[in-house]
Amino acid sequence: MVHQVLYRALVSTKWLAESIRSGRLGPSLRVLDASWYSPGTRQARKEYQERHVPGASFFDIEECRDTTSPYEMMLPSEAHFGDYVGNLGISNDTHVVVYDGDDLGSFYAPRVWWMFRVFGHRTVSVLNGGFRNWLKEGHPVTSEPSRPEPAVFKATLNLSLLKTYEQVLENLQSKRFQLVDSRAQGRYLGTQPEPDIVGLDSGHIRGSVNMPFMDFLTKDGFEKSPEELRAIFQDKKVDLSQPLIATCRKGVTACHVALAAYLCGKPDVAVYDGSWSEWFRRAPPETRVSQGKSGKA
């Protein structure tokens with residue numbers, strides 16, 4: 001069997017700092033701040049304007065999505081994504097490094113990492129430890145806005161990394177894919193509410209396994225080692241040699257499952273983009289499981 005050589009999914013703060021110092025930023029290397037925070041908490045764009053990694057552009061996940069969809073954070077079209085990242089100076093030959101400023105060390109960056117991959121881009125990495133550790137280690141920051149020269153990016157959707165509602169519904173019968181839910185246990189069980197949203201009860205898709213995405217991160221905000229990640233999958237009886245779909249509430253933290261599996265040598269985890277936000281509104285009641293007061297989500 002021929003093993004696929006995987007592009008490095010993580011780069012260190014030290015590597016990025018040295019790359020910036022040595023003048024490597026440009027058409028061949030771009031940095032993106034993909035921070036996003038719940039309304040009424042922190043303001044991602046304002047924080048970016050105040051301080052960011054030198055040369056980084058702001059990737060606004062609210063803009064680079066399907067704004068016509070009734071569901072949260074759905075993927076944009078190929079043309080939309082290509083135009084958006086092209087305007088950030090990214091071409092099909094660019095190595096893209098993504099970070100965010102979340103206190104956990106990483107939250108939205110893996111979503112943007114996955115978005116690039118699902119649109120056919122191989123050379124994309126997450127900054128391990130995020131902006132939290134960039135600051136902690138004393139690396140330089142700036143308020144200088146980034147003005148990269150626009151580039152041409154041709155997006156080609158890789159459908160093998162994306163699952164739809166219909167495919168997940170069919171999978172309840174065929175069981176061809178394992179299904180992992182990356183939300184916190186209380187939300188998965190239905191005993192804690194979904195935050196920042198009205199009309200969406202908590203619970204999970206029947207047959208899914210709960211693997212909270214925070215378990216993939218160390219207390220210092222770094223990705224755990226491949227050995228530790230494999231042990232987490234094994235503990236949950238998730239077989240990395242078999243097909244796997246990741247889900248969450250809106251297709252964001254599910255990408256942490258895809259990243260963790262990738263770091264274990266499995267690059268083909270698909271994300272259910274609509275996730276619980278869509279499933280709750282569309283799926284038959286018997287496919288929604290909850291330990292909440294109603295017994296069903």
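The backbone N, Cα and C atoms fix where each Cβ goes, glycine too.
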N6-acetyllysine: annotated position in Swiss-Prot, out of K46, K236, K293: K236
Of 16-31, 144-159, 176-191, the range Swiss-Prot labels region 'Hinge': 144-159
Candidate annotated in Swiss-Prot as N6-acetyllysine, out of K237, K250: K237
Reduced DSSP assignment, S35 (O-linked glycosylation site): coil
For the modified residues K163, K219, the one whose C-beta sees the most other C-beta atoms within 10 angstroms: K163
Conformational class of K250 (substrate binding site) under the three-state DSSP mapping: coil
Modified residues listed as K14, K224, least Cβ neighbours within 10 Å: K14
Residue pair S38 (phosphoserine), K250 (substrate binding site) - Cα distance, angstrom, rounded: 13
Between K14 (N6-succinyllysine) and C248 (active site, cysteine persulfide intermediate), the C-alpha gap once rounded to whole angstrom: 32
